[in-house]
Amino acid sequence: MAAVQGGLVDADEDKDIKTEPSSDGWGNNNANDGRLLSPSPGSSSSAGSNKTVAGAPEDQQTLLAVLQFLRKNKLTESVEILRREAGLPEDSLELKGTDSSGAGSGGAAGSVDLEGGDASSLLSRVTISSSAGAQAPTKATAGEDQPDVNVVLSAYSQQGDPALYQVYYSGLKRFIETVLDCHRAELSQVFYPLFVHMYLELVYNNHESEAKAFFEKFSGDQECYYEDDLRVLSSLSKKEHMRGNETLLDFRTSKFVLRISRDSYQLLKRHLQERQNNQIWNIIQEHLYIDIFDGMPRSKSQIDAMSGSLAGEAKREANKAKVYYGLLKEPEIELPLDDEDEEAENEEGKPKKKKPKKDSMGSKSKKQDPNAPSQNRIPLPELKDSDKLDKIMYMKEATKKIRLGPDNLPSICFYSFLNAYQGLTAVDFTDDSSLIAGGFADSTVRVWSVTPKKLRKVKSAADLNLIDKESDDVLERIMDEKTASESKILYGHSGPVYGISFSPDRNYLLSSSEDGTVRLWSLQTFTCLVGYKGHNYPVWDTQFSPHGYYFISGGHDRVARLWATDHYQPLRMFSGHLADVTCTRFHPNSNYVATGSSDRTIRLWDVLNGNCVRIFTGHKGPIHALAFSPNGKFLASGATDGRVLLWDIGHGLMIGELKGHTDTIYSLRFSRDGEILASGSMDNTVRLWDAMKAFDDLETDDFTAATGHIHLQDNSQELLLGTYMTKSTPVIHLHFTRRNLLLAAGAYNP
């Protein structure tokens, strides 16, 4: 059934919504809820405010079967109430499926045998009748809850006249092309999901030549950003091809979401009912979710900005949950953070000189951010002495931090990996910029020191026993000078390494690989401590929490997993993406995780309960880069479409679009104070954007919570502060040092 959800649904509109009838409790529920069985004249399974019973045969059969069932069970009172609600005459049960007086359209085509059938067969017939045309096989109901391919596909076993599919689609196309301009853009959104489902119905019912003709005639009309999906679809030309096809099963099981104004929706509904175009109306009811809003219809540019994902736009309801995007109070923050967020509140660049009060938790006068989660919302590791020392070092460096802006751009230091024949696939820097690590396609991880200090292993256990543990320089003495070198190679993975991440305290390194594992390496001994096995397929990305201890991984199995370093099993599994999870990122307060996917959506997950609290759509290709602003309010995303999109986490809205890159964006990073956003791409450039202007220019009046969109300014050129070309090196990682120097990295492509 179509789930139709509007902002404020009035009493009449409420009648337009038909809920899925459950197979138990017929005797009581339907007597009290007449609107369940009062569809409109032109529809076979739902909406219409007419109270007359529909003339479509399947509706007649449903009604009569239910009435007969109630009568057999001696529920005569319920029979009478339901019959009156449905507008059936008293002798309707004797008529057995012929057209009843008051039917809205032509007579029922066939009669249903209500005699001699037991109650279960009647009910099975009723449950199936939500499919249009001839009924779907009974196995569809029997296996409703089982993710069985046959059950999923059986919804396509509709026996409409294959020759009429083109006529139906063309008719709708002509209608939409002739409506007022303001409605045309919104109604055009139905073309793509209708096209896909009609094509799949033809293929499933073995009408191969008709399906091919249908595809060739109308595939060119679809939006260019669905090109890749259509290529996959064109390969499904036989019923056998459909079984086990992941893309198809995704499309079939997840309703395609369209956000349409109430006026446009009413236009479409009226047209389909007047034409009695049941084939299309059924698809809309079965496979689409119409998210209705009150207000002006959206423009073509507004719709294009938000569309492009595998399952349409996000439902507005999905972005209504409260998100605590504020930062935790200073004493609880473990520094250095692995991500962008250190001195978010410290806008003037002045250090917070409160060193003596490091131990007195909560003794600071700074008030708790009202949008911040409570300090103990999730358990975070306590600060160790070494963390406190590191924090003091950080604050010393922060005094030398350069305040960036449009007139004061950062210097960029580029680390080129030369002769990287092993195939560089991932890069990360430590927060203090002292180490750089690379993941390679030959399954190795390599770590380099980028300071004069060389990398050394801890001495063997026998040698450690000889050390005076009370000496002041014990931390130096435990290191074995004989092992000192500029780089170390870590062996252990059995496939290309796709993601790496340093822990905030620089003691550990995570790596994820095609072999389905995430490995935790010690940077004291340069050995593998743990192999985390949970993913069944390649793991594309992994990242440590800014507070350490927790980390996130995402892979080809479409699930992101939250881990703790001391647990073999994941703590949370974030399931909901329809394709690979390609990139993962922790929020600066560690309470939320963002995941980007090949399904072209970004999801924000609550670490505490595992719920998805935000779904962002708008990218036209797989997402490969995510970055949170240091203050935790905004998220930037980059994808294969070459666009950087900016999102307001609190309101759940897209607030900006930065166009300029000509290839996939693989890295995004905000400067330490959030003034500048840097993006790195496969087009061999680093671009700097004025993040403050992008966020400040935002008119809060433009936030229309009811429609869930704002008018985006096309001001990419104004926000672009600089473009920096490399010789021939795709940029796969960016990092701002504590002093706001920008480090970039990539492998030279001769």
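Just so you know, glycine gets a Cβ as well, placed from its N, Cα and C.
Automatic, uncurated: that is what TrEMBL annotation is.
Database features, via TrEMBL:
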COMPBIAS  335-346  compositional bias 'Acidic residues'
DOMAIN    160-288  domain 'TFIID subunit TAF5 NTD2'
REGION    1-56  region 'Disordered'
REGION    92-111  region 'Disordered'
REGION    335-383  region 'Disordered'
REPEAT    417-458  repeat 'WD'
REPEAT    490-525  repeat 'WD'
REPEAT    532-573  repeat 'WD'
REPEAT    574-615  repeat 'WD'
REPEAT    616-649  repeat 'WD'
REPEAT    658-690  repeat 'WD'
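With helix defined as DSSP H, G or I and strand as E or B, the repeat 'WD' (532-573) counts 0 helix, 22 strand, 20 coil. Counting residues 6+ beyond its ends, the repeat 'WD' (574-615) has Cβ neighbours under 8 Å at 250, 254, 308-311, 314-315, 318-319, 321-328, 337-341, 344, 372-373, 377-378, 380, 499, 540-547, 550, 552-556, 558-562, 621-628, 630-632, 635, 637, 639, 647, 649, 652 in the same chain. Sequence-distant contacts of the repeat 'WD' (532-573), counting only residues of its own chain at least 6 positions beyond either end whose CB sits under 8 Å from a CB of the stretch, comprise 333-334, 337-339, 341, 380-381, 495, 498-505, 508, 510-520, 579-586, 588-590, 593, 595, 597, 605, 607, 610.
If you average pLDDT over the repeat 'WD' (574-615) in this model, you get 92.
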